[in-house]
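Everything below concerns the one structure shown next.
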Amino acid sequence: MTATLLLIQTLNGLQFGLILFLIAAGLTLVFGVMDFINLAHGVQYMIGAYLIAAFSAWTGGFGWGLALALPTALAFGLLLEVLIFRHLYERDHLDQVLATFGVILFLNQGVKFVWGAAPLSVPVPEILSGSVEIADGLLYPVYRLAIIAAGLLVAALLYVLVNYTRVGMLVRAGATNPQMVSALGVNIKRLFMIVFGFGAMLAGFAGAMVAPILSVQPGMGDNILILAFVVIVIGGIGSIRGAFLAALLIGLVDTIGRSFAPNLLRLVLDPSAASQTGRAIAPMLIYIFMAAVLFFRPAGLFPVKR
Amino acid sequence: MTELTGTQTAPAPSPGMRIDIIPVILFAAFAAAPLLASASGAEGYVLSLLTRVMIFGLAALSLDLILGYGALVSFGHAAFLGIGAYAVGILASHGVEDALIQIPVALAASALFALVTGAISLRTKGVYFIMITLAFAQMLFFLATSLAPYGGDDGMTLPTRSLVAGAGFLENDYAFYAATLLCLTGGYLLSRAIVTSRFGRVLRGTKENAVRMEAIGFQPFRFQLAAYVISGMMAGLAGCLMANQAEFISPAFMTWQRSGELIFMVVLGGLGSLHGAIIGAAAFLLLEEFLPELLHAGSFFLNDDVRWRLTENWQMVFGPILILIVLFARGGIMGILRRGSHG
């Protein structure tokens, strides 16, 4: 019983961690390369979810919806970059926090303005509906396995892209020393735009992938944004590898902590006190984890060498 | 070195003197407002709005102390509002309703939280500091949502406002207004005294150049931590007042969006002037209060459906205003005033 629950929660944690990674990857690149705090990265995720809801209802299929939603999310990210964000790169972090906070307010209300305040739901695509038996008598939804597969695929793609292509090389160089990259004659503005648009698209992809299993509603990006920040701070800002490992850690710690903290506390406390403190501690776990990591390693687990 | 001695010998250049009329006007306006409120016919509404302005003014003031003078961008300052509010609420639900016990407990709890989290957070710099203060505030937020005996997610209604030495005069809105004004004035004078003292100069020195301060024999960490604790206690007091005004406490007092709003208030008013933070809080809350009506009145040429949706979603206008202020109004409202006084 406990073993199967642990298996299911591990898979759930893995899936949550990979979604977090998709969001955190863009955030950590934007942060590392441009030294830009983008609080509005969470709304890109929300926009992705709304786009898939709109496009899959319009085209009648999830696949077609995704094919339309991704370029739209990319275009939307680029639009925001041109209109607002590129004017903020030279500003200090405080200005960036505030202006992007303004973008959150605007877009959270904006989706309400366009789609209404009621949550939308997106049907799970036909091929991926249903469950498979992953162990004796243990069913797990196919769609969640598909999310895990898609997340791992994107992570692998990103690894190849960052480590073995020219753009990836520039991105890595930019994270280490942007002035030097610029001095070597690279069009840093265009590099910023590519990185930003790509990050926005990844966040949009994450939003689109979770749309069938969560309800699509205004403000859905706010809390996941904070988690993504926790991930990149733990992983070390600018480090894709750090973001990947930290995202999986956070996903597993959060998911498994929520279902097992009361059980573990029962070893030392009486049952009612254990379930109460367990419920109190579980959502705090990842923040305690982050504080502990920063206490011992103030620049995260995989600091980018400067 | 020369820069440092320069700031020490000339603390108040002459334009500063002209600016100093502003806090006098500000506090005179707060003191006179109840008289006008009673004449306006909607006194309950005006009083409660202004009380709210002063409470947030106190919270923004406390943030300005570390943000404007110490360059410590705390993105979790709402946590202290929550500590103050929950101290009042939790004590009241156990029958301890006197402010003379509640407030010291709230201040002690805020100071302890600030001391522990500050000691950890101040080890980090820049973005990491922003994020770790945020993480600590989120911890408290989730702790509050899980406090089932004290309302959990939904929050909890307080039986009454706090008593003062057994007397229940804070139930009267005028008396509560006066008490809030007293707290705000006290907080302002204390902060003013702090920033003009030697302590305040060291704090500003660490903001300009921490390495240099260390080289001349100060330990920036201690000064920053002390300022962080003082600031947290002031925000905790604001939290006590907030719980009393609403006669309600909830985890919503310490969402990260609330911390963001506090930063915005300080920046809107102008960093590092103290009264600027209060003006910023006032401008923010009044804008939030009246923007829907302004939008409704200003969009008379649109059809009813669009007009209603625009009024309903007023934050769609509020967000861009925020962005424009950041992009174009450097130095906030105080910056505009200062430029105005220079001609």
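Each residue, glycine too, has its Cβ placed from N, Cα and C.
Caution: TrEMBL annotation is automatic and unverified by curators.
The feature transmembrane segment is assigned by TrEMBL to B:21-39 (among others).
Residues annotated as transmembrane segment in TrEMBL: B:45-67 (among others). Remote same-chain residues near the transmembrane segment (B:45-67) are listed as 30, 33-34, 36-37, 73-74, 77, 80-81, 173-174, 176-177, 180-181, 183-184, 187-188, 191, 194-195, 224, 227-228, 230-235, 237-239, 241-242, 245, 262-263, 265-266, 269, 271-274, 276-278, 280-282, 284-286, 289 (criterion: CB distance under 8 Å, separation of at least six residues from the stretch ends).
Per TrEMBL, the feature transmembrane segment maps to B:74-93 (among others).
If you look up TrEMBL, you'll see B:99-120 (among others) marked as transmembrane segment. Tertiary neighbourhood of the transmembrane segment (B:99-120): same-chain residues 76, 79-80, 83-84, 87-88, 91-92, 132-133, 136, 140, 162-165, 170, 224-225, 228-229, 231-233, 235-237, 239-240, selected by CB-CB distance under 8 Å and a gap of 6+ residues from either end.
Annotated transmembrane segment per TrEMBL: B:127-148 (among others), in sequence order. Packing against the transmembrane segment (B:127-148) from elsewhere in the chain are residues 72-79, 82-83, 86, 113, 117, 120-121, 250-251, 254-256, 259: each is 6 or more residues past its ends and has a CB under 8 Å from a CB in it.
Feature annotation from TrEMBL assigns transmembrane segment to B:174-195 (among others).
According to TrEMBL, the transmembrane segment annotation covers B:262-287 (among others).
Under the heading transmembrane segment, TrEMBL lists B:317-337 (among others). Listed as Cβ neighbours of the transmembrane segment (B:317-337) (distance under 8 Å, sequence separation of 6 or more from its ends, same chain) are residues 19, 22, 264, 267-271, 273, 275-276, 279-280, 283, 287-288, 291, 295, 310.
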Message: I'm a bit unsure how to read this: which one of B:21-39, B:174-195, B:262-287 has the highest number of Cβ pairs shorter than 8 Å with the transmembrane segment (B:74-93)?
response: B:262-287
